[in-house]
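Only one structure is covered here, and it is reproduced in the block below.
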Amino acid sequence: MDTWMVLLGLQILLLPLLAHCTAPASTLRFVAVGDWGGVPNAPFHTAREMANAKEIARTVQIMGADFIMSLGDNFYFTGVHDANDKRFQETFEDVFSDRALRNIPWYVLAGNHDHLGNVSAQIAYSKISKRWNFPSPYYRLRFKVPRSNITVAIFMLDTVMLCGNSDDFVSQQPEMPRDLGVARTQLSWLKKQLAAAKEDYVLVAGHYPIWSIAEHGPTRCLVKNLRPLLAAYGVTAYLCGHDHNLQYLQDENGVGYVLSGAGNFMDPSVRHQRKVPNGYLRFHYGSEDSLGGFTYVEIGSKEMSITYVEASGKSLFKTSLPRRPRP
């Protein structure tokens, strides 16, 4: 039987007892899910989104989580109109409504479909929902691993502002940013932040992938402009969505590439397999029969573990990345 399922089963049985005697967690834990944004017509969600929400809630209840990271495409297909758009309720609040999720904060970034609507409205919704945290198009988060001096920095990016939007049906690649000055400002901000980052783990997150074997493939703009920064400043991992599957890649510098775009759709395409350097791909899952999935990340004193979880509850793949060496 799958190890993840056995662990979850045992913890379910022991949960009433453990609730009274479990020591405080000594790891930072979060779920990363992308491309979960339902549909623009009733019931405004899909079976896959509902299945993911249910399994995320079960995972959070049993394993614990400090937050949920949204990797963009939060509302299909054209984002939201304003901060009072009913899609916030119908695609987010009413779907991720389990008791286990009610007090878990979400940290949000925008995807290409969000940019077809009003991203400022998604930012403004942060003042309406106690769970929804989207302070600006790009921003920095800092966490401390409980019961330790281990620190984690996360840089949430707007890759559409960096590279431009893309039409999923016409062009697979963003051609150029709408405002080159805004793109340069964001990249300059990130470079300065990474240069100054002293944390034990440094993560960067955006919607577009740097590397992907799937339908959209590597994002040339990010391979050119973002990838060199990850290597130069010893970034632990880059997290993304956009392609509707689950992938893990790792480059020769040890940077992990966590693609988690299976929150609402599944696409089996591997059309760009030859566009990714040999040896990078460690895991890919895009079965059309699957209900999708997400990643569960746990950061401790020595390593960061990443588990790819199918919405059925099955563990698909697990890997780990080491803590950055201290100066």
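Using N, Cα and C of the backbone, Cβ positions are placed for all residues, glycine too.
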Self-check item: Residue in His45, His242, His244, His272 which Swiss-Prot records at the Fe cation 2 site where Asp73, Asn112, His207 also bind
Solution: His242
Quiz item: With reference to Swiss-Prot, which of the candidate residues Cys21, Cys163 participates in the disulphide bond with Cys221?
Solution: Cys163
Quiz item: For the Fe cation 1 site that Swiss-Prot assigns to Asp73, Tyr76, His244, which of the candidates Asp35, Asp94, Asp98 is also assigned?
Solution: Asp35
Quiz item: Are any of Asp35, Asp73, Tyr76, Asn118, Cys221, His244 (the recorded positions) within 10 Å of His207 (Fe cation 2 binding site) when you go C-alpha to C-alpha, and if so which?
Solution: Asp35, Asp73
Quiz item: If the Fe cation 2 site is taken as the center of the Cβ atoms of Asp73, Asn112, His207, His242, which further residues of that chain fall within 8 Å of it by their Cβ?
Solution: Gly34, Asp35, Leu71, Gly72, Ala110, Gly111, His113, Asp114, Thr159, Val160, Tyr208, Gly241, Gly261
Self-check item: Distance from Asn112 (Fe cation 2 binding site) back to Tyr76 (Fe cation 1 binding site), taken between C-alpha atoms, in Å
Solution: 10
Quiz item: CB neighbours of Cys163 (disulfide bond) within 10 A?
Solution: 25
Practice problem: Measuring Cα to Cα, tell me the gap between Asn118 (N-linked glycosylation site) and Asp35 (Fe cation 1 binding site) in whole angstrom. | Solution: 17
